[in-house]
Amino acid sequence: MDTSGRNMLRMLIRVLTERMFKHLRKWFVAHFLGHSRQRARLVSKDGRCNIEFGNVEVQSRFIFFVDIWTTVLDLKWRYKMTIFISTFLGSWFFFGLLWYAVAYIHKDLPEFHPSVNHTPCVENINGLTSAFLFSLETQVTIGYGFRCVTEQCGTAIFLLIFQSILGVIINSFMCGAILAKISRPKKRAKTITFSKNAVISKRGGKLCLLIRVVNLRKSLLIGSHIYGKLLRTTVTPEGETIILDQININFVVDAGNENLFFISPLTIYHVIDQNSPFFHMAAETLPQQDFELVVFLDGTVESTSATCQVRTSYVPEEVLWGYRFAPMVSKTKEGKYRVDFHNFSKTVEVETPHCALCLYNEKDTRARMKRGYDNPNFNLSEVNETDDTKM
């Protein structure tokens, strides 16, 4: 290989090495330094609330057992199934001990060597295992017919009635809790998706903050209503610091913000005017802001008539200034409307004023120029009056 070839090879190796180190540096910053600088957020992207209650009094914890139904419904599946299995096994074993005690007191067990004419309280209970099996058969109403209560013992009859009633109560509560957990509208909320980022651009001649939301099911949400809360730390004139101060953010679509026809993806927007908390922000200062925008969507599930709420949040790094969403709805040759979810969170850079104040000042300047104020092309010519009445 000649000298020029070796030089070109060295240059190529150097360029590839520089690119490799550049990508490694970006990856390191994104995965390590980026996580260390990640902002704390109250609401995660999937709607879970990041909040912890500390120093709760012991007496207050017992309040959760007063409303035991809601407490059980709010439990995670692993805890709920643990309670489900433990409740049934515990009740079967507890009543098995009681049946064993009845047989022991009445001397029905083989160890007492009962006579041939002896009539036991429960037929064919020979020990603790058979007592547990009889308890299981009684509570779940299996009734194999091998073990049964006789009319000799009033205690056994009373215990049979008591276990049957308590078993119905346990079955109703636990099966109802499982069914209610499965049918909760929180699962319907999983099929409502918000865009990964929010964007700020012009819409209808106004500077707006836009968010895209889509319903992944064909069934509608009836009476949908969408709104937002801006969470930030503020200091009152009295000097009080409020960590999670909430400010209302009004989101609308072209038809309003209530009773949305939520069959196709919607782009909701918030107009940044003088009453908006984003009015005094600019493209350069937005990343340095400290806020969290929480967006809520309330509606009624069409199939179950249960109300549900979907929520997500955006921090300043997830708000893109000077972008708009790429179109995702098109019409096919067959006359159907097609939704391309590949473009759901895709954004396109557009020309946007760098702050809301600049846009309104520009509009005000144009309006005054149309009226002739501050118009450089408008010249006032002074006319000298002459006295034509001289004789």
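Each residue, glycine too, has its Cβ placed from N, Cα and C.
TrEMBL lists 43-185 with the feature domain 'Potassium channel inwardly rectifying transmembrane'.
Here TrEMBL flags 192-364 as domain 'Inward rectifier potassium channel C-terminal'.
Marked as region 'Disordered' by TrEMBL: 371-391.
Summarising the annotation, TrEMBL assigns transmembrane segment to 83-105 (among others).
When Cβ-Cβ distances below 8 Å are used as the criterion, the transmembrane segment (156-180) is approached by residues 69, 72-73, 80, 83-84, 87-88, 91, 95, 98-99, 102, 121-122, 135, 138-141, 149-150 of the same chain, each at least six residues removed from its ends. Marked as transmembrane segment by TrEMBL: 156-180 (among others).
Broken down by DSSP into helix, strand and coil, the domain 'Potassium channel inwardly rectifying transmembrane' (43-185) contains 88 helix, 4 strand, 51 coil.
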